[in-house]
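The next block holds one structure in the form of structure tokens; read it before the comments.
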Amino acid sequence: MATYFLADIHLAENRPEITAAFLATLAAIARDADAIYLLGDLYDYWLGDDLATPYQQRIAAALAALPCPLYYQHGNRDFLLGTAYAQTARLGILPERHTLTLGGRTVLVEHGDLLCSDDRGYQRLRRILRCRLLQWLYYRLPRALRLRIAEKLRAQSKTRTRRKAARITDTNPAAIRAALQNARASILIHGHTHRPAVHRLDNGDTVYVLGDWRPHGEILRYADGDFALVNSAEIIHAPDNAGA
């Protein structure tokens, strides 16, 4: 059996190639998965559970049909995904930082945006958008206005990211060390930066960074005591899945 970690799929109805790759990957890994963790930005944006589209409901049905447990953390694009949709999709919602034990080691999982502490503008915006009062007001807006707000925020995010130096939008080493220390963990798994990699820290801790999907992405597999970053295309086209 294996445990899988995915992030930054950015599902959207106008990206059918990503949807197909994601669903095919889930079908392949579910055969030997004891758990699948979705570490944020499952969707490119989320207007609210009450405005879930037929496309998003089809995704929920596909997730609910999987034979293994599914766990989900909010990302910066889909942080409004709520308990109603999660129950439909059979997703267990995790806190923004969560620890689990694999092979006797404590593993910290999170979306990753909190680790980008050098991007102070984003961190301020994040605190504003997570304000419960503002969210309460947002849910009372009509769908068209919610959509315009989501599109504007997404466009502004892309513009800011292009203008900022890579070091600003990447994770901060001190933030990583602090997160691991506070969680008493030796392994960190995160997404958000779209820069898949394995980082070995001086103290022996390890950081695994998941990739975004274009249409495939780098996901993390844990089995038999070992972690491995694998491209989802390799999983789909593996011999065991060739006839599936």
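Positions of Cβ are set from backbone N, Cα and C atoms, glycine also.
Just so you know, TrEMBL annotations are computer predictions that nobody has curated.
The feature domain 'Calcineurin-like phosphoesterase' is assigned by TrEMBL to 3-196.
Annotation comment: TrEMBL describes ASP8, HIS10, ASP41, HIS194 as Mn(2+) 1 binding site. Other C-beta atoms found within 10 angstroms of the C-beta of ASP41 (Mn(2+) 1 binding site) number 28, with every protein chain shown included.
Long-range C-beta contacts of ASN76 (Mn(2+) 2 binding site), restricted to its own chain and to partners at least six residues apart, with a cutoff below 8 Å, comprise GLY40, ASP41, HIS111, ASP113, ARG126, SER157, HIS192. The Mn(2+) 2 binding site annotation in TrEMBL covers ASP41, ASN76, HIS111, HIS192.
What TrEMBL records for ASN76, ARG77, ASP119, SER157, THR161, LYS164, HIS192 is substrate binding site. Mapped onto three states, the DSSP output places ASN76 (Mn(2+) 2 binding site) in coil.
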Report, in whole Å, the straight Cα-to-Cα distance of ASP119 (substrate binding site) from HIS194 (Mn(2+) 1 binding site).
16
Return the count of C-beta atoms lying within 10 angstroms of the C-beta of ASP119 (substrate binding site), excluding that atom itself.
21
Take the mean position of the Cβ atoms of ASP41, ASN76, HIS111, HIS192, the recorded Mn(2+) 2 site. Which other residues of that chain put their Cβ within 8 Å of it?
ALA7, ASP8, LEU39, GLY40, HIS74, GLY75, ARG77, GLY112, ASP113, GLY191
Length of the line joining the Cα atoms of HIS10 (Mn(2+) 1 binding site) and ARG77 (substrate binding site), in Å:
8
Among all the protein chains here, how many other CB atoms are within 10 A of the CB of HIS192 (Mn(2+) 2 binding site)?
26
